Amino acid sequence: MSYLKGLLASCLVLASVLSWVKAVPISIDKTKVKLPEETVKEPPQSVDTGLHYDRYLREVIDFLEKDQHFREKLHNTDMEDIKLGKLAKELDFVSHHVRTKLDELKRQEVSRLRTLIKAKQDIEGGNDIAVDHQALLKQFEYLNHMNPHTFEVEDLDRLIKSATKDLENYDKERHEEFKRYEMTKEHERQEHLKTLDEEGRRKEEEHYEEMKKKHADHPKVNHPGSKDQLKEVWEEADGLDPEDFDPKTFFNLHDTNGDGFFDEQELEALFTKELEKIYDPTNEEDDMLEMEEERLRMREHVMNEVDSNKDRLVSLDEFLVATKKKEFLEPDSWETLEQNQAYTEEEMREFEEQLARQEEDLNLKAADLQKQREGLEQQQEQLNAQKIELQQAVEHMERIKTQKVPPPPEMHLQGNAVPESLGHDPPPVPPENQPLPPGHQDIPPEQQQQHVPQNQQDLGQEPQHIPQENQPLPPGHNSLPHDSPQMPLDHNNVP
């Protein structure tokens, strides 16, 4: 069980560090920096590991610890065998109650993942798309998605391997994150210097060198995990006589949860006194994020020297063996962060080139967005102009309806009617009962058929009443002399 507990303890440290790395602005977590005597009185608080399957991992480990057979196998299994999956096969021999609870935990975890997948789909606007949960669950490597109902050997094997992989990757990523933080700090300092005149740059550089000197001026830092370092904790934190120092008693005092192991959090608490020699949150020259990096460097160093089976825990036996080594009794001096720059000059150049490329890309995107904005503003102006024209047209139509403005005179003309304004007199209308001229009398209905022109009966023949050439015209139709003035034709007086 020590390896699984070591994984969980490592995850707790991971969560604590992530909270520091991502903190802006930098601040001190007072609950993190505890004196050993405080931790003896209070058990360590439950801290989220930072893994997205944190709760699932915790609950599985807790229930496996309750099975006596599995717990005994864990104590007798080598860490490498655990990583190879040999321990997972012992799951078949745990009690029915534990297996039933593990099945329930897995079903709850699968349900949680499906809910997350559905929520992500809703956010991305894919409500009408069918979701293939089985395909999407494949990305979660810490459980067997093909069997969502029962917790099997493969599930335990996947959980152990995933937690180990995540923690190993974290160690590397954490160092890279701190390196980027330090390079960003230096880059911003150099950019600030460019904005100053020569005198301002000189003063700024002098202040910077002064702060560096003040930070480096601190008491000697003991080698982490050495006898001198532990005796200092024994005397100043525990209040005991340094001449009475006893490694076994010291271990029991600082094994705060009493499980027989130093986990990573318990180890880090031992370095508080050393860190206080270097860092003070009230000092301008001290960076508290660098303090956390220093703490982790110390913890990793002790783990590498003392944790012989690499289970991320220090047992009492491993601790007692380490206290007999030369490195414990006569250690080398410890080099702090100011003596070991986090990045090289080449890495700094590459970082600045990367920032320059990113800045160029951002400028191009900004220019493109500005063009789009100008185009949208122009379209908006056109739309506003069209809107104004339409409003004016509607208002004009409303005025016409309200005032009943008569249409122009041209709208009264129908057919071939000639308006009075043209200057022609209207034709005279004969008085009532006045006899009509010859040829205009009413024709009785019975005779109308006889008077239908021949051209209406047979369009192919010429009308009979049209006179031939040189035939005398009827009275009133004689041609006028050529020298007579042309008078308008009065159709009402034509016989």
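Cβ from N, Cα, C; glycine included.
Among the features that TrEMBL reports, compositional bias 'Basic and acidic residues' is placed at 184-212 (among others). Note: the compositional bias 'Basic and acidic residues' (184-212) comprises 26 helix, 0 strand, 3 coil (DSSP; helix = H, G, I, strand = E, B).
Within its own chain, the compositional bias 'Basic and acidic residues' (351-376) is flanked in space by residues 180, 183, 187, 343, which lie at least six positions past its ends and keep a Cβ under 8 Å from the stretch. Feature annotation from TrEMBL assigns compositional bias 'Basic and acidic residues' to 351-376 (among others).
Positions annotated as compositional bias 'Low complexity' by TrEMBL: 377-386 (among others).
Positions annotated as compositional bias 'Pro residues' by TrEMBL: 425-438.
The compositional bias 'Low complexity' annotation in TrEMBL covers 444-457 (among others).
What TrEMBL lists as domain 'EF-hand' is 242-277 (among others).
Sequence annotations record features per position, and here TrEMBL assigns domain 'EF-hand' to 294-329 (among others). Per-residue pLDDT, averaged over the domain 'EF-hand' (294-329), rounds to 91.
Positions annotated as region 'Disordered' by TrEMBL: 184-226 (among others). Here the region 'Disordered' (184-226) has Cβ contacts under 8 Å with residues 232, 271, 274, 277-278, 283-286, 298-299, 301-302, 305-306, 322, 327-329, 331-334, 336, 338, 348, 351-352, 355 of the same chain, all six or more residues outside its ends.
Among the features that TrEMBL reports, region 'Disordered' is placed at 337-495 (among others).
What TrEMBL records for 1-23 is signal peptide.
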